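Chemist: For reference, the structure I am asking about is given below.
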Amino acid sequence: MRVRNPGARHVVALVSLCGLAAAGCGHLGGGGGSDDTIDIGALVYQTGPLAQKGATNNLTMAADDINAAGGVDGRKIKIKFYDIGGLTPQQGRTAAQRALADKPDALIGPSVSAQTNAFLGLLPKAEVPLINVSAQRESDPGQPQGNPWTFRIYHRVDRMAEAISRVMAEQLKAKNVVVTHSTDDTSTHVKDDVVKDLKAKQVKVMKIASYTPEATDLTNAALATRGADAVVALGYPQPLGLMVKQMRANGIKSPIVFDPGAEAGVKLLSPSDLTNTSMVAACRPQATQGQDPVAKKFMDAYTSKYPGSYVNGYYYEAVQLIAQGMRNSKGEGGAKLREGLAAIKGFKGICGESSADADQNFIHDYKVVKLDGGKETLGGIVSGLTGAY
Amino acid sequence: MDRFIPLLFAGFSTGAVYALVASGIVLVHKASGAVNFAQGDLLTLGAFVYLAFTGAMPPMAAVGLTIVVLFLAGGAIERIVFVPLRDQPRLTVAVATFGIALAIQAGLTVWQGSDPQSVPSAFGHGSVDVFGTPLPVLSLWTILITAIVFAGMYALFQFTQIGRMVRALAADREVAVLYGVPASGLNFLTFGLSGALAALGGVLLGPSIAISPMMGFSIVLFVFAAVTIGGFDSMGGVAASAVVLGVAQQLLTGYVSSAYTNAYPFLVMLALLLVRPTGLARPIAAERF
Amino acid sequence: MNAPEVDALEVKDVKVHFGGVYALKGVSLTVPSGMCVGLTGPNGSGKSTLVNAVTGVVDAAGEVRAQGTPLQLSRPGRAARLGLRRTYQTPRVHPKLTGIENVCTGHRLMAGRSASAAVFRRMRAGAAERDRRRDAEAALDRVGGSAAADVTGAVMTYGQRRLVELARVLVAEPRVLLLDEPSAGLNDTEVTALRTLIADLAAEGVGVLLIDHRISLLNEVCDRLVVLEEGLKLHEGEPADVWRHDRVRAAYIGELDDAGN
Amino acid sequence: MTSTRASTGTRANTALGSGLVCYLVVGYVIAAGGDGYLLTVASLAAVNVVLAVGFSIVYAQSGQFSFATAGLAAAGAFGYAWFAKHMPAEIALVAAVAATTVLGLAIRLATIRLSRLYFAIASVAVGGLITIVLVNWESLSGGASGVGPVPAVTFGMVDGEELAGVFLIAWLLSAVAVAAGSLLYRSAWARDLLVVKDLRHIGQNDGLPIRRLELEAYAVHAAFTGLAGVMLASTGTFISIASFDISMALQVLIMVVLGGSGRVLGPVIGAAVITPLPEILHGAGKWSGMVYGITLLIVLVALPDGVLGLWDRFRAWARARLVRPGTVRVEGGSP
């Protein structure tokens, strides 16, 4: 009597689940930080909503430049890219785990704060320092979720607010201001600080208009800015560009100061919409190349090597800083590299002068970038930023 | 009160575009009884195709060509997905349209990248003074063009032979086929028409916002609120509820709170569904409980 | 006859309309317990609409009592609680369930048929399931459908589907049974089996309303016969004399030659 | 006549037993040998298994299509994160799952009179609403930047900081969910759900409590989805509202459709295949989104019954070929 094999169906489950295990085991034997190369793991966005941010070109060029100049004490820099793929914290954590499995010397972080927070806890055990490219204060070493293995190359929320309010008060001499922001967390934090700073400088905040990051019609926010002699605009690129377009469409011509969220949004606006607008950014070689020979050299090299590609000074400078950190730590990774990075003072890079402070943030002088007519020119530098609180 | 008129007009113009998309969904539902979740992404596709064409030809020609391309795209979707799934339950067909939506979004991301892009307007720029307040020219054109299109469709469905056949198909598919209505040919036509409507929506909405491959889904969510209220079978009911929802959303955002902008259409829809579980218009498959 | 039995089903002046069309224009009939009442009439006379009205699937006006208790119309599922079951013109069986499983779904024993019981009270659920399967097998045997016990609905023959549906209805031990053209598509031996089954059910005190066109079946098994035409009761009486009634013949068979057949 | 059917009951139990043992062995192998990356992907697989089993019961078995999966999972995750601040993690788990079940019941009760198509659309709205409310409920969800570090569920058996241990607990939880799912699938209740799905009015006329069954199916879906949300928070140690967008509802749908319905094995296979797909697709880079959409289309058109359906058809085909000549096949009887 043929006995039907009861477990036959379950063999299928076992086989497919083993497939999962095998797919993973392939990662066990990843290359360690071998001696002759300095391995950097870069968490970037090749697919999903933030895809094609041009980060890969900037990182590759930085490594090529350093290796061309003889590398770090003879050791070549090798960058491996890990696609995060989306905006969820799980994707950030998975990409970080994949990078750490290859035992890199250093990591260059994602630009979404929630994703950075999702894997900060892994760094102390892996003893791998991270150059963080997101704006939230939570990832700073002193913070509850932070740890001493993170360094920030990007602007920080409170410093950005201080810079913007100083531009409004000192440069634009505005008396009546309207602040608009999308309700994502970073913009909300910057808005709170800007409002506090402006009040401290006796600048009247007429109205605060907020909109959701995925709003598709911003007439309400645009109309709220009517009557202000200057407008602060914070938030995601898409709604930011849309709001300015609807302000101009409704005949509102007052000057506007953006935070870096506008970077991608600016491309959506016609040159005429951009009259009387400026943006504050921590690292903007495109604008500082007029005054800064280092930025000029980088911009010329980059635009010739990758014509039309998106310039991202933060990623380029991050690789340079890791190389400098390695020089300070005499080629030692782990805790030594961390101390090497923390010891960087007055490093002359494409973002101007970078030096690590107590919170291990590198950039302290933010640049005011005028955007009139769609061309970027330097409208001044706000220095000595300590963060309002 | 200087904000009321601009908000009202903004509501009318977005409501008009959503009415176009909603009528596309109603058309597909009339012809095949299925719900098309990919209608919003067809609008996005229309906007990107129009953007690509504007580079090579004058705006009005680009608009015309985009409508033709989307007409064929709508027909192709009917052939590839709806015909093989004809006898599957309605939910499976609705789920298949999700597959189409995902494929369009991903295809656009590969083709155009995920950064938002701006689209040149084929119908005028800047603002014009109406009743003393500056209003975007584009939204005035949007309202006008949508009104003309709906009048045209009303005439098509009431007075022409094709229109009568489509309505017969919607009323009772088997009987209509028995009477010699060319069901498969008509299906292709109605899907094509819904594609063309989405293209028009894309061309009108595109220039007033920034387009990105991922925007289709938030549009279809809004439109579903309108379709649920207006009923799945009445073009007029759906168009009216789309405009009402558009205006309600703008006014509520302006005068109540802007944190819940995207939630207002759903709140209105849920409130209504709890009161009348089969929507306002003539109940279709009234489930008797 | 012991104390006067309450009527199994009492229908008073039931009206049903779809838009302008009046399917039932006020029909009244009673099915005493333990009796079989036939309901017949040309197609479109409102037979199935009456069954739908009684089971609350269609909006209806008028008054219906099952086992003496009044029934809220236009509310499906209420009739079932009062022991009323019906079958369908085209037998409805679930394609993915076997014969036994289809019959079990009709069983009234609800123990073990909840999510929590299935996971936490497995002993009780197991016992209840065995009882249901035993009753289902008995019901299938009774209607002669045991061959379809392990066959899934999709591959059942038409006859098997009819018998499984009949078993699903019987396993609930109904007090009132509405049979909607049960003899359609059956061969002679199956019709005789059906006749004895209906007779046994009536003997057990079940009130049976038999809707059919097979005149021989109606005459042999029904105690009374009701004829409907265009939503109205044309005539009611003993099967034998109903056919002699000229209006019935005119409506049903058209002009009859003198031989009366 | 002792029916042969009784024996299938015991045989099915051994099949479940052996299946679960295989499942746990795989979990142990991954926990012992896997590196951080594999543990993270496997934890996501465990979460997806629980999500898929819950969704397949409400969609494939009872025919109710629900888009609120992302909202319910978010409620489970943030509920757990909040409860875990005030009580031990294990009790917080139970509290979060219970809260999500009640939320699911409330949603279904409010929409019980809707036809299935309208409920599908209403569930999209409800899912969206839950997300919007959570984003604005700062104290619970930490707004857009999320909440963390969230304590891991350990039942005292593993060290909360240690990745492999936390993963093993999540895998055990998913094994419990699979076992419960299997019991539910083989129960008389699941059979009644099929009638609710395909023979609605007939079931009603037979006295089946249609609404109670639909509510129960939705409550089970909410409980499983809430548990999945808790596991996501426990293994991820950090959650933000960005984790729960509409793509989660789509992913669960693809798993159930691909896996096939009727048995708990369907969603398990669906989760085992779909979870590593994005990791494998990294090579495809920007084409991965396209592959997702097209997979869904192909599976729906070509494999309406999913992998399980294919496997059953293959076995029927194989049995018809491989039966030794001369064996008398009794019509319908099992050997």
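Placed from the backbone N, Cα and C atoms, the Cβ positions cover glycine too.
TrEMBL does not curate its annotations; it predicts them automatically.
Bear in mind that the values here come from a model prediction, so they are computed numbers and not experimental data.
The transmembrane segment feature in TrEMBL is assigned to B:7-28, B:48-72, B:93-111, B:138-157, B:177-203, B:209-229.
Could you tell me the structural context for the features on the list?
Modeler: Only residues 6 or more beyond the boundaries of the transmembrane segment (B:138-157), in the same chain, are considered here, and those with a CB under 8 A from a CB of the stretch are 9-10, 12-13, 16-17, 19-20, 23, 121, 123-125, 128, 130, 163-164, 166-167, 197, 200, 204-205, 207-208, 235-236, 239.
With a cut-off of 8 Å between Cβ atoms, the residues of this chain six or more beyond the transmembrane segment (B:177-203) that come close are 17-18, 20-21, 23-25, 27-28, 30-32, 36, 39, 42-50, 63, 66-75, 77-79, 82-83, 122, 145, 149, 162, 165-166, 168-169, 211.
Long-range contacts of the transmembrane segment (B:209-229) within the same chain, counting only residues at least 6 positions beyond its ends with a Cβ under 8 Å from a Cβ of the stretch, are 18-19, 21-22, 25-26, 37-44, 47-48, 51, 101, 104-106, 108-109, 112, 114-119, 202, 237-238, 241-242, 245, 249, 262, 265-266, 268-269, 272-273, 279-280.
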Chemist: Near the transmembrane segment (B:48-72), which same-chain residues lie under 8 Å Cβ to Cβ, leaving out any that are not at least 6 residues past its ends?
Modeler: 42, 108, 111-112, 117, 119-122, 192-193, 195-196, 198-200, 202-203, 206, 211, 213
Chemist: Against which stretches of its own chain does the transmembrane segment (B:7-28) lie, if we need a Cβ under 8 Å and a gap of at least six residues from its ends?
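Modeler: Sequence-distant neighbours of the transmembrane segment (B:7-28): 34-36, 39-40, 42-43, 130, 135-136, 138-140, 142-143, 146-147, 149-150, 153, 166, 190-191, 193-195, 197-198, 200-201, 204-205, 208, 219-220, 222-224, 226-227, 230, 232-235, 238-239, 241-251, 253-254.
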